[in-house]
Ligand SMILES: O=P(O)(O)O[C@H]1O[C@H](CO)[C@@H](O)[C@H]1O
Ligand SMILES: O=c1cc[nH]c(=O)[nH]1
């Protein structure tokens, strides 16, 4: 057990899928894993462990935002020996060619700062996905008939944005979508020699104002879960 995760040692798999939403964690585990069991519910941040095609997998909610993700990812890596972390998140599209429900594989994640900025200090670190996972996810998506968008995303601390000028500049520079965790996940993975990737589904469109209802953000994103699992265990 750690401060924020109640699982016993050995109850967390080396491969973890991380949605922000703990109820999406429960849905993903119950839908895609064999013999899923709840291994932690500290603070209601649900975690489940089961198997996928014989491989042990944990699905652990991360909460919203980089400080929350940082707590769960740090404890998973440092205390439970997790080596592969794949975020399965929702995001807001920032480009006209990206549509609602499209899947995005985040190659890099820009930010103003992450919790790790305090140690990186003046360095503008470039958080990037693990190449093996990214390549496997792109192949898995194609196998499933999904054409993913692959490129840079924006990890922000503010869902309710008061700086439209920032969004404009990031959009102008090709940023595909906005979410709130990937930059810190990639930075922590780099520091601890783990592998990380963010597989995202578009739930909102910043340009059209379209938005999916809450229940679909919880249970409507099957393609990204299947892509994440296939990327973790290719072949
Ligand atoms: O759907 P999740 O994984 O929570 O991700 C996105 O949704 C939340 C905001 O609604 C933020 O956590 C953002 O990153
Ligand atoms: O962080 C997020 C997640 C979904 N949609 C957004 O606009 N922002």
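Just so you know, glycine gets a Cβ as well, placed from its N, Cα and C.
Per TrEMBL, the features are as follows:
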ACT_SITE  204  active site, proton donor
BINDING   4, 179, 180, 181, 203, 204  purine D-ribonucleoside binding site
BINDING   20, 24, 43, 87, 88, 89, 90  phosphate binding site
DOMAIN    16-216  domain 'Nucleoside phosphorylase'
SITE      217  site 'Important for catalytic activity'
* Taking only the binding-site residues 20, 88, 203, which have a CB closer than 6 angstroms to any atom that belongs to ligand 1? -> 20
* Structure fact -> Of 87, 89, 217, the recorded positions lying within 10 angstroms (C-alpha) of residue 179 (purine D-ribonucleoside binding site) are 89
* Taking all residues of the domain 'Nucleoside phosphorylase' (16-216) together, what is their mean pLDDT? -> 97
* Relative to the Cα of residue 180 (purine D-ribonucleoside binding site), which of the recorded positions 20, 204, 217 has the closest Cα? -> 20
* Structure fact -> By a three-class reduction of DSSP, the residue listed as 'active site, proton donor' is assigned strand
* **recorded positions near residue 20 (phosphate binding site), in sequence order, restricted to 4, 203, 204 and a 10 Å Cα cut-off** => none
* Structure fact -> The rounded CA-CA distance in Å from residue 181 (purine D-ribonucleoside binding site) to residue 89 (phosphate binding site) is 9
* Where residue 24 (phosphate binding site) falls in three-state DSSP terms -> helix
* To do: List the recorded positions 179, 180, 181, 203, 204 whose Cβ sits under 6 Å from any atom of ligand 2, in sequence order.
  => 179, 180, 203, 204
* Asked: If you count the C-beta atoms lying within 10 Å of each candidate's C-beta, which of the recorded positions 179, 204 ends up with the smallest number?
  -> 204
* Asked: Which three-state DSSP class does residue 180 (purine D-ribonucleoside binding site) fall into?
  -> coil
